[in-house]
Amino acid sequence: MLGFLTARQAGLDDPLRLRRAESTRRVLNLELNHDRDVDRIHSNGVNTIDIEVIEGRYMLSGGADGVIVVYDLENNSRKPQYTCKAVCTVGRSSRYVHRFSVETVQWYPHDTGMFVSSSFDKTMKVWDTETLKPAEVFQFEGNVYCHHMSPIARKHSLIAVGTKDQKVQLCDLKSGSRIQVLQGHRGEVLSVRWSPRYEHILATASTDSRVLVWDVRRASGSLFSLDQHNGDKSKASSEAVNTAHNGRVNGLCFTVDGLYLLTTGTDDRMRLWNSANGKNTLVNYGKVSNESRKGLKITVSRSCSPEFVFVPCGSSVAVYTLHTGELVTMLRGHYNNVDCCQFHPDYQELYSGGKDCNILAWVPVVRPPDVEEGTAVKGGSQATVNPAFEDSWSSDED
């Protein structure tokens with residue numbers, strides 16, 4: 001670390017290199033933080049969480065009990081041990097609460113004054129954070145599995161919605177109406193994601209084993225369908241042609257730069273795709289256990305080198321190197337299956353929610369003092385501490 005600081009001070013290194021190195025070190029040292037609790041509000045499993053990007057302070061959660069909770073992640077007490085308190089809750093006593101399981105919650109990307117939730121009660125609600133009342137309610141014909149707002153859109157205010165009736169609905173926040181239907185899937189739509197690079201590009205995943213990529217400005221259908229065999233029909237059976245997985249596709253996530261798209265399926269596979277041409281990069285992540293019948297919320301790190309992907313895997317969260325497929329570690333702490341996880345890019349922390357009704361905080365451990373290189377260690381127990389980390393004060397009067 002001192003080498004990075006010296007090189008940066010001398011102008012020999014790009015300042016971002018130090019940031020990437022420190023971010024990477026912090027991700028590699030993630031552990032369950034026993035000093036930080038998150039208020040346990042949900043009486044049933046936690047299906048979805050989202051952290052706002054404006055201040056990086058507030059977190060949303062939605063549960064199978066229909067309840068929505070807003071948490072304050074900031075440590076106002078300044079004590080080592082603290083609890084992330086629930087600031088406000090749309091509980092069972094509220095007249096506006098979802099009647100059934102909340103599947104997705106998302107902050108409005110440009111302002112914490114609004115958030116959106118979707119549920120198995122066939123509705124999607126746009127909430128005013130201040131009053132905790134819905135400003136708009138969209139009704140659908142089937143269960144709503146997922147929704148997503150573009151993090152970068154300036155020319156549109158569309159919310160993509162995946163439902164049980166095989167169609168992807170586009171809802172306009174400005175007009176408060178459904179303005180477009182994307183047809184192409186032959187099964188329930190379990191996940192939708194806007195590209196963080198191009199505001200009109202949308203990816204959708206379904207129980208029909210396919211992932212479709214759309215340009216919503218076009219009316220002629222999807223741009224392309226992801227093919228796990230990259231067009232080699234000799235490797236695919238007639239049923240597997242133009243399929244991304246050999247089972248339900250229930251997880252989607254773009255990398256931060258939008259150049260790659262990650263998918264997960266119930267065939268226990270995770271695949272990395274080139275988002276520009278839809279080619280399978282053939283990165284081998286091995287077996288990624290996935291038994292979820294609904295959407296699976298995966299997340300990717302930011303400003304690391306290399307980047308990492310966090311995937312709910314049974315009662316653990318698996319951490320993989322994005323471009324090599326190497327399993328880095330398994331984060332264990334939940335007592336039941338994990339359904340969602342969210343990476344906090346400001347502090348390189350991870351939050352995960354599961355069927356045990358808990359939200360756990362995974363925080364980088366404190367780095368021990370650096371040991372001087374080349375110093376012999378006697379008996380394997382003592383080493384010379386780097387002078388840069390040594391306290392210069394002494395009680396010796398001599």
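Placement of Cβ uses the backbone N, Cα and C atoms for every residue, glycine included.
Looking at the stretches 269-294, 373-398, the one that TrEMBL records under the feature region 'Disordered' is 373-398.
Sequence-remote contacts of a segment are chain residues at least 6 beyond its ends whose Cβ falls under 8 Å from one of its Cβ atoms, and for the repeat 'WD' (242-283) they are 187, 190-193, 195-198, 201, 203-211, 213, 223-230, 236, 289-300, 302, 307, 309, 311, 320, 322-325. Within the chain carrying the repeat 'WD' (331-362), a Cβ under 8 angstroms from the stretch's Cβ atoms is held by residues 23, 26-27, 30-33, 36-38, 40, 42-51, 53, 56, 59, 61, 63-64, 71, 73, 84, 291-292, 294, 296-304, 310-319, all 6 or more beyond its ends.
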